[in-house]
Amino acid sequence: MFVLSRNCIYGSGARYFSTPATTTDSIEAKERLRRSIFYVPGSDERKLKKSLGLAADCLVYDLEDSVSLNRKGTARELVLDTLEASEHRKAEKAVRINAIGSGLELDDLNVVLRSKRLEAIVIPKVQSAKDIQFVSQMIDTVAPEITRKDIRILASIESALGIMNMKEIATCDPRVDALVFAAEDFCADLQMIRTPSRLEMLYARSAVVTTAKAYNLQAIDLVCVDYENEKILQEECDEGREMGFTGKQAVHPKQVETIQRVFLPSHNEIERALKVMKGYVEFKEKGVGAFSLEGKMIDMPVVRWAQRLLIRAQKGGVLPEGEKVHEL
């Protein structure tokens, strides 16, 4: 196995750029669903095995916060074994490494990148584009050639500096697929007081969504730490989806079902979107740009909303049989 040093990676100076979302095409047409991002402690063999039966869209085997320092090495090998045992599982298999600069990230990457079944790396505490570029170049060098081009990066925004540098983080490398908002670390960094309303995080959460959507990335919302309270989880899910988040992090199996359900379009939303698209097709043939539907004006922004919603419904398997998504 070829092992690289952090200095050698940073020294290359490679840069990549992504393109802002300037067309009417939705990223929903290309992405895989990541409604729930479920973290599994990498040092807990029982939970690792149990995770293979969960219905989460993305399983993240954690080498960071949930693993004590004296268990890091053991966790790496357990996670590698779990990845190798996950061949026929539908869920995306990801690993959250330790933060860049922690002194642990190189060992993490040199172990887990050996797996041909690894599909994504979650980078915690991302501060700048250099953090992304370091991991991307490690993937290019260490990961098996057959899989390296498909490995994605999910960037976790956890600090004031991360928020300020989000544009360069989002656009520095084509592997970046999502921005993830980590509430607890963010509040600690800013010395915020956590409140039930979550208003103290409104700016940061909105900034994550806005940046993600500007550059065709997914936006993953905070963890509901009150995992025993279904009412609060439902409230957070509804709020996150209304803000534009495409998914939510989870730390307990009880949370997965609710998150998976809420981050798909509802029956009423699908019905409304189908009516909008039907009207669009009908009036487009007549050369009419805007039209009225049930007493409300419908123009292209509403049509784009309907198309994106139906694409997501289709990918989630809830689009009614016989219906299709029309191109714009």
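Backbone N, Cα and C atoms are what each Cβ position is placed from, and that goes for glycine too.
What TrEMBL says about this protein:
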type    : residues       : note
DOMAIN  : 35-253         : domain 'HpcH/HpaI aldolase/citrate lyase'
BINDING : Arg96, Glu158  : substrate binding site
BINDING : Glu158, Asp185 : Mg(2+) binding site
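Spacing of Glu158 (substrate binding site) relative to Asp185 (Mg(2+) binding site) is 5 Å (Cα to Cα, whole number).
The average pLDDT computed over the domain 'HpcH/HpaI aldolase/citrate lyase' (35-253) stands at 96. Neighbour density around each Cβ, counted as other Cβ atoms within 10 Å, peaks among the binding-site residues Glu158, Asp185 at Glu158. If you measure from the Cα atom of Asp185 (Mg(2+) binding site) to that of Arg96 (substrate binding site), you get 15 Å.
Note on Arg96 (substrate binding site): other Cβ atoms within 10 Å of its Cβ, all shown chains, come to 28.
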